Amino acid sequence: MTPALGYASIAVVTVITVLIGFFGVRVSRTTSDFYVASRTVRPWLNASAIGGEYLSAASVLGVAGLILLQGERALWFPIGYTAGYLMLLLFVAAPLRRSGAYTVPDFTEARLESRTVRRLTSVLVILIGWLYIVPQLQGAALTVGITTGLPRWVGAVGVAVIVGVVVAAGGMRSITFVQAFQYWLKLTAVAAPVVFVLLLHPGTRPALGEAIAGAFPTFSIADPDVVYRSVSLLLALLLGTLGLPHVLVRFYTNPDGTAARRTTLIVLCLLSVFYLFPVAIGMLGRLFMPELAADDPDALLLLLPSAVLPSPWAEAVTALVIAGAFGAFLSTSSGLVVSLAGVVSQELFAGSVRGFRIAAALSVVVPLVVAGLTDSAGLAGSVGLVFAFTASTLCPALLLGIWWRGLTARGAVAGMATGAVACGSAILFGWIGPDGGLAGALIDQPAAWTVPLATAVMVLVSRLDARRIPRGTERFLARLHVPER
Amino acid sequence: MSADAPADPPRPRVRVTAPRHPDAGTRPPSGAVGGDPAGLYVRSLIRSQLRLAIVCAVAFIAVLIAVPLTFALVPELDAASVAGVPVSWIVLGAGLFPVLIAIAALYVRTSARNESRYRSLADDA
C-alpha cells in the first residue's frame, strides 16, 4: 500500500471534520447551545449524528475482523449493537428526554435527590468514557500504522489532539453536523468494497458459500460454552447501549419525547443498513484473505480492496476506506469527549464554557496514556466489555429509575457499586490471564451474571430502605411519562 | 343532586360501604393517589407504556432464541443455501433487522396511541 494514499485520505477527512466543526461554531452562542445544541436538532439530522457517533472502530473494523475470525458466532455482534437501540427506544428514549436533564448524573440526581448518587454516576460515566475511547485510539494506531508506515503511536496521538481541539473549540452544535457527516462517510466506506468486489468479480458469490461452509461447518448450539458466551454477549450489547453516555447525551438534543422516539426508529434503520456491509466484508475476507485471520483480522477492511480489486479501483476504494475508518475514530472519540467533558466540567468547573474546554483536554489525555500502555486485542471484543460494564452499572439505575417507584438513593448506589466491582474485576482478570473452561467464560463474558447481580442488589437494598423513597418520586415519574403539549 | 342527598339519608351509607370491599385487594393503600384522578391517569399511563415495552422486548428476544433453535432442530435448513450464501448467514446477517425495525415501528405507533388516550382522559377530568 502506498503511504501517500494513507496520508491524503487521513488529511482530507481531518480537514473536512475540522471545517464542519468550526463552521458550526458560529451557531453556538449560549452555554446551553454549547452543551446540547439547545435541543433543536431535527430527527433525521440527529439520527445520522447518533449513527455517526455510535459506529466506532469496533463496528467499522472490528465486526468484519471478528467474522473473519469466528464466522457465524460473530454475527451476534451486529445484531446486538443494533438491537441495543430497540431497548433504548422501548425503555429509555422518551422518558429520558422528558426528564430535562443534560447528562446521566443530572438525571440520577434529579430522580433520587442525592448528591452521592450523582457523584458515583459521574465517576462511572467518566470510567466508561475512558474505557470506550481506548479502543478507538488503538484502532487509529492500527490504521495509521498500516496505511502510512509511521509508528503506531502517531495515530493515537493524532486522533487525541484533533478531537481535543475540535471539541474544545466548537462544543456540541458543531459536533452534531460532524457526526451526521461521519455516518454517511462510514456507510460509503464499508459499502464501496462490497459493491466493487461483487461488480468486478462476478464469480464471487458461489465461491463465497463454499469458502464459508469450508471454514465454519455447522451452526453449533450444543456446546454450552458457546451458548453461554453468546447469551452473555447479547445481554451486554442489548442493555449496554442504554447506558452509554455519548449516546444518551444525544437524546437531550431532541425537541420532545415523541421526536426522541422517531429519532431512535431512524437510528435503527440506519444501523441495520450499515451492518449488512461489515458482515459481507467478513465473508469476502474468508474467501480472499483467510490467512489474515491468524494475523491481524481487524485490518481486513483496510487491506481487502487492494488485495482483490484491479489497479485504479483498488486505490480509490482504499482511500475511501481509510477515510471512513479514520472518521470512525474521530467521531466516536469526539462524541465521548463531549459527554465526558460535559460531566467533568459540571462537577469541577460549575459548567462554564471555559471549564468545558479544560475538561475536554483532560478527557483525551487519560485514555491516550492507557492506549499507549496496553495492547489492542480485538477491537469488537474490547468494546463489548465496555458494554458489559455499562449494562452492569448505569443501565439498571436508569431502567429502575424510569419505571420503578421503589428505587432509593442507597439502592442505586449499592447496585451500581456492586456491578462496577463485579464487572470491573472480571475485566481486570481477563487482562491478567484468560482462562479456559467455565471460569474463563464467566470472566470473558461477565454480563450474564453481573447484570442480574447489580439489579438484584439495587432492588433488595431499595426495598430494605423503603422509608427513604424520594419524596418527589411521584411527580418526577409523571414528568417522565406524561406527553408534552 | 346535592339537594337529594340530605333528603335521603340511607343511600350514602350504602355507597360508602360498597366500594371499600371490591377495591381492597386491587388498590394500594397509599394516600398519594386517593381522590386525585390526575395521579390515577398517570399511573395507568406508566403501566400501559411499561406493559407495551415489555411485550415488544419479549417478542424480539423470542425471535432471537427461535432462530438458533430452528437451525439446531432442522439441520437441513442449516445446510441449505440461497444464491451461494448459507441460509443461516442470510437470516442472522440480514433477516433479523427487518424484524427489529417492524417491532420498533409498532412500538412507536402504539406508545403514541397510549399517550393520546391519556391526553383525552386528562383533558376530560
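Note that Cβ sites are derived from N, Cα and C of the backbone, with glycine treated the same way.
Keep in mind that TrEMBL annotations are predicted by a computer and have not been checked by a curator.
What TrEMBL lists as transmembrane segment is A:6-25, A:45-69, A:117-133, A:153-171, A:183-201, A:233-253, A:265-288, A:319-344, A:356-373, A:379-404, A:411-432, A:438-461 (among others).
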With a Cβ cut-off under 8 Å, give me the same-chain residues at least six positions beyond the ends of the transmembrane segment (A:117-133) that come close to it. 56, 103-106, 108-109, 243-246, 332-333, 336-337, 339-340, 343-344, 347, 363-364, 366-367, 370-371, 383, 385-386, 389-390, 393-394, 397, 409, 412-413, 416-417, 420
Check the transmembrane segment (A:438-461) against the transmembrane segment (A:265-288) for contact, please; criterion is three or more CB pairs under 8 Å, pairs 6 or more apart in sequence. no
Tertiary contacts of the transmembrane segment (A:153-171), defined by C-beta under 8 angstroms and 6+ residue spacing from its ends, are 10, 14, 17-18, 21-22, 24-25, 28, 33-35, 136-138, 140-145, 178, 326, 329-330, 333-334, 337-338, 341, 353, 356-357, 360-361, 363-365, 367-368, 371-372
Can you say which of A:45-69, A:183-201, A:233-253, A:319-344, A:379-404 has the most Cβ pairs under 8 Å with the transmembrane segment (A:265-288)? A:45-69
At a C-beta cut-off of under 8 Å, are there same-chain residues at least 6 beyond the transmembrane segment (A:379-404) that contact it? List them, or none. 56-59, 61-63, 65-66, 74, 77, 84, 91-92, 95-96, 104, 107-108, 111-112, 117, 121, 124-125, 127-128, 131-132, 134-135, 138-139, 232-233, 235-245, 298, 411-412, 415-416, 419-420, 422-424, 426-427, 430, 445-447, 450-451, 453-455, 458-459, 462, 477, 480
Looking only at residues six or more beyond either end of the transmembrane segment (A:356-373), which have a C-beta under 8 A from one in the stretch? 34-35, 126, 129-130, 133-134, 136-138, 141, 153, 156-157, 160-161, 163-164, 167-169, 171, 333, 336-338, 340-345, 348-349
